[in-house]
Amino acid sequence: MALLVHMLACAFGLGSWVAVNGLWVELPLIVNTLPEEWDLPSYLTVIIQLANLGPLLVTLMYKLCPGRLKERIVIYFILSIGILSCILLALYWDKTTTVAGASRSTAFFIITFFLSLVDCTSSVTFLPFMMQLPAKYITTYFIGEGLSGFIPGIVALGQSVGITKCVNSSQTAGNQTGGDTWSLHTENLPPNFSTEVFFFLLAAMMCISLAAFIALNRLPRTFELSSENLVPDTVASVSSGLENPGAETDGEGVKCQGEGAAQSKLLLAGPKHSVYQLTFIYFMVVWVNGATNGLLPSVQTYSCKPYGNLAYHLSAVLGSVANPVACTIAMFFKNRSLVFLGVLTALGTGFGSYNMAMAAMSPCPLLQGSVAGEMIIVLSWLFFTGTLSYVKVMVGVILRDRSHSALVWCGAAAQIGSLVGSVTMFPLVNIYRLFKSGDFCSTKCPLS
């Protein structure tokens, strides 16, 4: 039974961010088709954060009407919306309209908003639902959440997303004979299968998540609740969320004889954090999510594409791979030391700073045109994502051990950080034009 629940928890987590993660790994192909081109990621980050309306409403319901929000109904609803949106995206992603005299990807943006609404709302509904299960399944859920980026990334590798070559082209100068001029330009090679097929795959993954959620709700409630990982104020929420609360067992497999006895045991085992420690924990949540979901994704094209589409593609895909790898490491190496997590956060911030610096130097970053430069930028994005993903998981585990409400506010803090990061970057990219684009093949950069 435990193995089955682990598999279902992983499959359930698969639907948490699969749509948005799928969009990011497909961007090396999409940016070559849609009119926004290199600016497209900055639009996406803002659209994703506008979808924070969903988690905001859910969080207010938790606060103002505790116990009245039916998480299961909300999850059924958002997963259904996610499946429908993925199908619509496959059909209409490349349709454009003219807005203020310029061609815009209106359909793509609207559908992306609804997909983002699904994924953002999952942050404050999926995790609280997982509170009904023992603590050991929370990491499995995070692995599933990481796979929501890993699987689309592997598929994108097989699709050969963003693979290009440099070709010579000639232009005739006026009517002069023999006046042809030759220049290099980038030519995008066709993918092995279309973007439409890729988006249908995302719809299938959402269906798997919905099926796993249905199965989790139908399983007999005979799980062993971990008395060392729950606190007293979660007992009521766990009991009310289970269909057979009287069948619960403690860590030794003995049935609980009364809520009072269970609460006394949990009270002794509950983790304690000072106000300053909690402030630091939530600061890490805000900063890590602001960096990984807002600040850096907005400029990934400017950071990677000057090194070529292959570097951009590998950075996007391996960044997605780093997430589940970090979750797997967290499953076997659980270091809850706030000092250790703080050091990891600083290390990840250092890698992110390098990525941001290369974006600011676009289209002529350091070591542009060299294999060393390509390797460094790919590894920098890999370690940036990996280190901060580990911090995300461990902070989630720490707050999960405190209470149901702590985990809800963890999701809310994550969305606040993401919103601040994306809103900060959008005007810098699209209004002030601090970041410059350039063709990989034709851009002439001074030797480093």
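Start at 1 and count along the chain as shown; that gives each residue its number.
Cβ atoms are placed via backbone N, Cα and C, with glycine included.
Feature annotations, reproduced from TrEMBL:
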type	residues	note
TRANSMEM	42-62	transmembrane segment
TRANSMEM	74-93	transmembrane segment
TRANSMEM	105-129	transmembrane segment
TRANSMEM	141-161	transmembrane segment
TRANSMEM	197-216	transmembrane segment
TRANSMEM	274-290	transmembrane segment
TRANSMEM	310-333	transmembrane segment
TRANSMEM	338-356	transmembrane segment
TRANSMEM	376-399	transmembrane segment
TRANSMEM	406-429	transmembrane segment
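Contact counts against the transmembrane segment (42-62), taken as Cβ pairs under 8 Å, peak for 406-429 among the stretches 141-161, 197-216, 338-356, 376-399, 406-429. Only residues 6 or more beyond the boundaries of the transmembrane segment (74-93), in the same chain, are considered here, and those with a CB under 8 A from a CB of the stretch are 15, 19, 30, 54, 58, 105, 107-108, 111-112, 114-115, 117-119, 121-122, 125-126, 129, 195-200, 202-203, 206-207, 209-210, 213. Counted over residue pairs 6 or more apart, the CB atoms of the transmembrane segment (406-429) and the transmembrane segment (141-161) come under 8 Å in fewer than three pairs, which marks the two as apart.
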